[in-house]
Each structure stands twice: as structure tokens, then as C-alpha cells.
2 protein chains.
Amino acid sequence: MSTFRLALIQLQVSSIKSDNLTRACSLVREAAKQGANIVSLPECFNSPYGTTYFPDYAEKIPGESTQKLSEVAKESSIYLIGGSIPEEDAGKLYNTCSVFGPDGSLLVKHRKIHLFDIDVPGKITFQESKTLSPGDSFSTFDTPYCKVGLGICYDMRFAELAQIYAQRGCQLLVYPGAFNLTTGPAHWELLQRARAVDNQVYVATASPARDDKASYVAWGHSTVVDPWGQVLTKAGTEETILYSDIDLKKLAEIRQQIPILKQKRADLYTVESKKP
Amino acid sequence: MSTFRLALIQLQVSSIKSDNLTRACSLVREAAKQGANIVSLPECFNSPYGTTYFPDYAEKIPGESTQKLSEVAKESSIYLIGGSIPEEDAGKLYNTCSVFGPDGSLLVKHRKIHLFDIDVPGKITFQESKTLSPGDSFSTFDTPYCKVGLGICYDMRFAELAQIYAQRGCQLLVYPGAFNLTTGPAHWELLQRARAVDNQVYVATASPARDDKASYVAWGHSTVVDPWGQVLTKAGTEETILYSDIDLKKLAEIRQQIPILKQKRADLYTVESKKP
């Protein structure tokens, strides 16, 4: 199966978890009705994004939110990338993406590897590491279409993650993420296009819809980029479902036309992963 | 010295080597007069670009062209990145960039590592490897301002080269290069911005001016990108000298604001060079 439909749910996230879960699930059903095979929710889809909120909204996995995701994935018979939620485990908090298969089973759990700690004076200062702990593993899952690699938001700034996922055969990279009004315009699209053109993969990002009154204002603009580095489609800032039909034959053609993955100089350099 | 002036000479290259050398040297003198400290010529500045031309125009290093570069570097007291020329050595041909210091000495010689072999049906098919051999070493040189890393054109498609140069302390990457009317619009600027934002370095490309009657039509648009991934300046398609004042304090600030080089996960991945 060399084509499939990808749907990115740019959810308007409120401070009420139950509302977020209900609306997320209904939008997942809608996406499935429109023929989506793989669906992604945005980063921190079940609660407001911020270090003061993470402890209050954090839950176990499996738990309330992931149970709902599992059910709706099964009901809709789709692969569901659960954006991310604050996860609590053994006294630590993580920013975690859970992925469910069409049978509702948990396929993989990605804990954000690179915590969003930046300080751009007068613009944006954020320190996820105040309350979150980093994950320490690579996260991919298989589908009948292709292998998918996962990162969350700030993970996208690290080329090595995408390079390793491409080495491992991923042809789609999905980053639930919420850039902001400083990093969004500067880097959101550039980084996606860079990962796509360097690794000749499809790259998708799922952002929450923008809420100008929130303490952390998300950039929005969920996007899908093809292996040529071209933006196929992108959302605005409102709540929406972004659809993109992914053509893996096109990926194969691009890799044949500009065969950089075969022209790497392993005698000069390698990108090595230290963990399975 | 945290600031310096960079000049990129977008030379109109003809089929007459002596003309190209004369005009290249006069533009280097002009750049030095305008206060340039580091000057780059474009890829294949002394002869037309193409596999049929390389054997005819190839010369030894040191040889006619590099002798002239050495003299004008010394006369102008600048660091001169000699774009590239077809080089002949022990029966093999290379696409080679020679760099000269203000005293006229040869600082480093970079032979293009990744040969431009692509086939985009109906658009561009090129096979440098038909006549050229690849280089097999990393090339950096020190200046009072910063360390500079070198690549030539297609080398820019390989993120690993830039990652290693950044690891080695380069803060400016210069790629003499000539993309074409297919890869130029699609990737020329994207790749430069990707290398810059991922490694938080300045990136500069020096292209020949466009000649629509040439067998290989160069894209032009020599460019300078800052460590934030922002295009500082770029040329059109005609012959010109592009100036950019490089501020290394700005580089340091950006690296402090978004400290991705310190947030790498060496416990999960590394980019390793296999050669000094």
C-alpha cells in the first residue's frame, strides 16, 4: 500500500480535560470518516501547555486519556498518534506521545527526549525541565504503509533524531508540537523542511490551535512536507483537521533522482545511535 | 575580533580561463578595497562547469590559477577562498577549493567530497563522477575571527559535514556552489538555512553568475545566512560582489538563547567523523 491518508487534528485545547478528550475523539472520528488511515493529535492535547499545569494534569499511562485514545482508535480502525499528554510515572513527569493501532493496542510511547529549555530575552523564556524529565529512547511504529518515527516539538530541532529514524527505515516523521510566536515564524516550517529534504521523508507536525489568551500561545500552522522539502499543506491558526494523501512512490522517485542516502560517505562520517 | 567583512564574488565565468583569472583577481582587489577580510570566489570560477570541460581545463595545484590566487591574496592581505577549479593530480581529476592566507600561503585544499550525480528526468541529469574523483577529507582553516569549514556545492546536501564542522568549532561554513534551475529554486536557500539553524553557524554560498547560454545554467543567488537561519543578504543572478558583516557575538547570543548544541543527547546519538 503505497498511499495513505494522513490527518492532523489542530485541536483548540481548553483548561478542561474532559472537554478536550471529548472533542479530540469526535475529531478523530471525523478524520476517520474522511478516510484518514493515520491520525495525529497535537502536543499537549488534553490540557493547557505550561510547567505550572503539567503536575496538575499529569496522569498515568495507561490512564484516563490513553484509555479514550485506545477506544477511539479501535472504533475508527486507524493508527492514532496521541499528540502528547503530561504523564506521571514513578514520581516523575514526562511529555508523552502514545500511539494506538487499529485494534486499540498501544504500539509505542514516546517521551520527549529534548526538553524545551530556551531563553530569548524579551520574547520567550521557557524551561520544561523545571517540571518534566526527558525520555531516553527512539520511538517508531510500523504500519501497512510505512514505518513512522516520532518526536515531540523541540525534538525537531535535533537533526540526529531524524537522521536515525531515516536510517531505521522511517518514511514519515510526525512531530506533535507547539512552537510559539517567536520560534514559530522563524523555525517551524524551516525545521520541518530541513528534516524532510535531508532525510527524504515526509514530515508532519500537529500543533494545537492558537489561543491568544493562553499563557503559552501556540503558533499553530500544522503542516505536511514532502521528501523534496515542499510544503504540501498547512493549517492556519484555528481548530481544523488537515488532510494529506501521502504517496510513498513519490518518496522512492525523489530518492532515486537525488540519491543522497546512497551517497553518504561512511568512510568519513556516521550518525550513530547508542540505544536500540 | 568578533566582527569581520565577508565578500562573495559572483563571477560571470566565460570559456576563457585567462579572462576568468584576470577578472576574478580584479574583483578580489575590489572586495579588499571595500574592507573585506574573507573573500570567496564561486565554484568552478576559472572555467565552464561540465564534465566535458573538466579534463581540458584541469590543472595542477599549485599551478596557473592557484598561483594567481596566492598572489592576489597576499597583495590584498585577505583570506581568499578560491571557489573551486578542476584539479589534476596523479591522473585523477577533482573539483578543488584552495584557500590562501593574507601572506599568500596555501592554508587548505578541499576536494569536493560528494560528487554531483543526480538524475531528475526531464529536468537535470548530471554525473560528476564520470570525470571527477571525490575528495576524502574535511577542510577547515583558522582566521583571527573564527574557524571556517568548507564544502563545495553538492557537499551542502550532507548535513553530517556541517555537523562535524560545527563540532570542530567552525562558526562560518562556506560553500562555493552552482545549483541549477531545478535544484536552485527548490533547495539552494533551504539547505543553507538548514545548515545554519541546525548548527547555529553562519553559512555562505558563492555561485557563478547565471549564463543562460551555458550548457550548465547556474542558479546564482549567492547568499549569506545567519545562525538563526535568517537570510542576511543574497545576490541576484548577475555578476556582483555580495558583502556581509559577520557578527560572532550574535552567534554566541543565539547559541545561548536556544542552546541546542548543549542539549544534544550524547547518550542516545552521536555524529562521528572517521578521519582527522
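Indices start at 1 and increase along the chain as displayed.
Just so it is clear, glycine is given a Cβ too, placed from its N, Cα and C backbone atoms.
Remember, it's a predicted structure, so these values are computed and weren't measured experimentally.
In the shown protein chains, 27 other C-beta atoms lie within 10 A of the C-beta of A:Glu43 (active site, proton acceptor). The active site, proton acceptor annotation in Swiss-Prot covers A:Glu43 and rests on sequence analysis.
Positions annotated as active site, proton donor by Swiss-Prot, on the basis of sequence analysis: A:Lys112. If you take the C-beta of A:Lys112 (active site, proton donor) and look for same-chain residues 6 or more apart in sequence within under 8 angstroms, you find A:Ser84, A:Tyr94, A:Asn95, A:Thr96, A:Cys97, A:Glu128, A:Leu132, A:Pro134, A:Gly135, A:Gly151, A:Ile152, A:Cys153, A:Tyr154, A:Asp155. In the three-state DSSP classification, A:Lys112 (active site, proton donor) falls within coil.
The feature active site, nucleophile is assigned by Swiss-Prot to A:Cys153, with sequence analysis given as support. Using a 10 Å radius centred on the Cβ of A:Cys153 (active site, nucleophile) and all shown protein chains, the other Cβ atoms total 27.
The domain 'CN hydrolase' annotation in Swiss-Prot covers A:4-248.
Around A:Ser26 (phosphoserine), no same-chain residue six or more apart in sequence has its CB under 8 Å from its CB. Sequence annotations record features per position, and here Swiss-Prot assigns phosphoserine to A:Ser26.
Summarising the annotation, Swiss-Prot assigns N6-acetyllysine to A:Lys68 and lists a large-scale study or a structure entry as the type of evidence. There are 18 other Cβ atoms within 10 Å of the Cβ belonging to A:Lys68 (N6-acetyllysine).
Per Swiss-Prot, the feature N6-succinyllysine maps to A:Lys68 (among others); the stated evidence is a large-scale study or a structure entry.
Here Swiss-Prot flags A:Lys123 (among others) as N6-succinyllysine. When Cβ atoms from all protein chains are considered, those within 10 Å of A:Lys123 (N6-succinyllysine) total 12, not counting its own. In three-state terms derived from DSSP, A:Lys123 (N6-succinyllysine) belongs to neither a helical nor a strand segment and is classed as coil.
Classification of A:Lys130 (N6-succinyllysine) by DSSP places it within a helix. According to Swiss-Prot, the feature N6-succinyllysine maps to A:Lys130 (among others), an assignment based on a large-scale study or a structure entry.
Within 10 Å of the C-beta of A:Lys130 (N6-succinyllysine) we count 11 further C-beta atoms, all protein chains included.
For the pair formed by A:Lys123 (N6-succinyllysine) and A:Lys130 (N6-succinyllysine), distance between Cα atoms is given as 19 Å, rounded to the nearest Å. Across the structure, A:Glu43 (active site, proton acceptor) and A:Lys68 (N6-acetyllysine) place their CA atoms 16 angstrom apart.
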